[in-house]
Each structure stands twice: as C-alpha cells, then as structure tokens.
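**Student:** Sharing a structure here in structure tokens format.
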Amino acid sequence: MASTTLLQPALGLPSRVGPRSPLSLPKIPRVCTHTSAPSTSKYCDSSSVIESTLGRQTSVAGRPWLAPRPAPQQSRGDLLVSKSGAAGGMGAHGGGLGEPVDNWIKKLLVGVAAAYIGLVVLVPFLNVFVQAFAKGIIPFLEHCADPDFLHALKMTLMLAFVTVPLNTVFGTVAAINLTRNEFPGKVFLMSLLDLPFSISPVVTGLMLTLLYGRTGWFAALLRETGINVVFAFTGMALATMFVTLPFVVRELIPILENMDLSQEEAARTLGANDWQVFWNVTLPNIRWGLLYGVILCNARAMGEFGAVSVISGNIIGRTQTLTLFVESAYKEYNTEAAFAAAVLLSALALGTLWIKDKVEEAAAAESRK
C-alpha cells in the first residue's frame, strides 16, 4: 500500500503511513477524555475533539487517528477571572476563597477600606441623584427634554456605536496576530498598545488637532476632499478610538497566550481554513474576555472628556457630548441641567456595571462546570 504523508507532526501523528497498520502505531488502550459521553470503544478516536467545533466527525486520510493527550489548561472562565484585569477581583462573588475576618486588625482594615470607598465613591455618587431630584421629577424631565441635552446624548451614543465595534475588530485581530506570530518589532508594537493609557487625554486631543488642523500634516488633503476632522464628529471619533484602543486587545492577549493550541492545530489538520478555525475554535475560547473588553471600551467611550473636549471645540448643539454638556451647564450656573446629565451618565455607568457583573458570573459559572 502506498504511503501517505501527513502534514501535522506537531499533533503526534507519524509522517508515513505504512502497510503494518492504518497509522503504523500500536494501539494503546486508554480512556478517551475528549468527550463527556461514554464511548463503546476502548480506543480514543480524537475526531470527537473536532466534532464539537466543526459540527461533524472527520478522519485524516479516510482513517480515524489517535489524538495526543492535551496539555492541562485553565478553563475559559478561569482565564477571564485570573487574567483579565479587574475581572480577576470581581469574578468570584461569594466564592468563599477569602479568610474570615476574625480579629480586630482585619476588622479595622475592612472598616477603613469601606469608609474610604464610601466617602470617595458612594457619597458623591448618591449626592448627584439627590441634587438632580431636589426640586422634583418634573424639572428633571424638562431638562432631559431640552434639545441641546438630547443632541449631547445622541452624540455620546453615536461615538460609542462607532468606536466600540472598530476597536473590537482591531483588538481581536491584533491580539491574535501578536500572540500567534513572531516578527521584528513585536515587543515595541506591544508597548505602543499601552501608549493611550500613559498619555493624558488632553494631550491626545492636542496631538490630533495639530495633525489634522488647518496647518497640520494632512491639511491640504483634507481641504481637497472636503473632510473636516477638527471641530467635527470625525475628530471626536478618532480621539475616542485612541483612548479606548487598548481595552479589547489587552483583555484578549493573556487569554490567547494561555490557550491550548491543540484544537486549532487539529482543526487545520482536518481541512478547516483560518476563518473556520477562528469562528469554531478560537472565538468560543475567548468570548468572555472579548465581551469584558467590549464593556470596558464602551464605558470609557461614553465617559471620555479630555480628548473630545480639545478636538471638538465643545460647540453646543453640534459637537457636544454629555460629559461636555455637564461642564458647560455647570459653568453657566445651570446646575439642575448639569445634575440631570450627570444622572443619565451615572445610569449608563450602572447599566454597564450590571452587564459586567453578569458576564463575570457567567464566566465563573462556566469555569466551575
């Protein structure tokens, strides 16, 4: 029988198939751990590994093949909880992982932490709601119905609607390429991803204004095409994209670095292209981290102030977001309108936190399965 060359030696398959047996390998009885259902065969058919991802049972060169025993790896929920920044501290609600507060030193430290959080976070947050409804709900609703208020809300939602999907796609592609490939300048490129974290948003707005303004590098090109960047929605979107760029990619890189690649390699062995591997294998493994990064990106996009303030010019009724509306109304001593906008921003923040909690609970629940 003619020998067949197999193209996946990394999977533990032989490079030649000889006449002695279909794979020239001795059959070693062992328990198949790839599927939850009991198997009637005493040999592990590793096509079951791919059955759950490609939706069908397949074989290599028309024959079943023995899969390598996969390396131990964390579950997707554990990776999200342990590797995804703030999720590490929030993902185990009521998990019972801490020690009981059983002495006065621990009680004192807990009390100091609770008092600090209450004074710095909770009291100012609640005071905004108290001030917004101090004169009743009717004045609050009147301010919310103001045309300038509604336009600011519209601009805020539009910025989030544009920047979050773009940074989600970029962050996913960048994270996969940075973790799956080695190339010159990789370390420098990964360092650049953290640049928006270290630069003041006001400086970001100034940089974009100098670059796309009337005397900037692209001034002539922008004049010829009739595109306005400074004091326009385009510039606001660019500024928001810059400050929110690292969130998705930085959430995904630790998960991808700790993910076992055996399933991706097996899928390619069975003929899956890059898109099928991503959609059926990679994406299910990173979905919790991806969703968490999207939530953080959205929260920052809706609350951005400094960069948007510089490049937009804070033009009322044109380039004003809710955060800029709060500043303008407060400076004009229209405190009730400022408090109304602050309450709406706080409500959006609470909604984001609620979604984040649900994501963390779902990830933690899956990790316990």
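Heads up, the Cβ atoms here are built off N, Cα and C, so glycines get one too.
According to Swiss-Prot, the protein has these features:
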type: DOMAIN; residues: 153-356; note: domain 'ABC transmembrane type-1'
type: REGION; residues: 1-21; note: region 'Disordered'
type: TRANSIT; residues: 1-82; note: transit peptide
type: TRANSMEM; residues: 110-130; note: transmembrane segment
type: TRANSMEM; residues: 156-176; note: transmembrane segment
type: TRANSMEM; residues: 187-207; note: transmembrane segment
type: TRANSMEM; residues: 229-249; note: transmembrane segment
type: TRANSMEM; residues: 335-355; note: transmembrane segment
**Student:** Using Cβ distances below 8 Å and needing 3 or more such pairs, separated by at least 6 in sequence, tell me whether the transmembrane segment (110-130) contacts the transmembrane segment (187-207).
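**Tutor:** As far as Cβ distances go (cut-off 8 Å, pairs 6 or more apart), the transmembrane segment (110-130) and the transmembrane segment (187-207) do not touch.
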**Student:** Counting Cβ pairs closer than 8 Å, which of 187-207, 229-249, 335-355 has the most of them with the transmembrane segment (156-176)?
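**Tutor:** It is 229-249, which has the most Cβ pairs under 8 Å.
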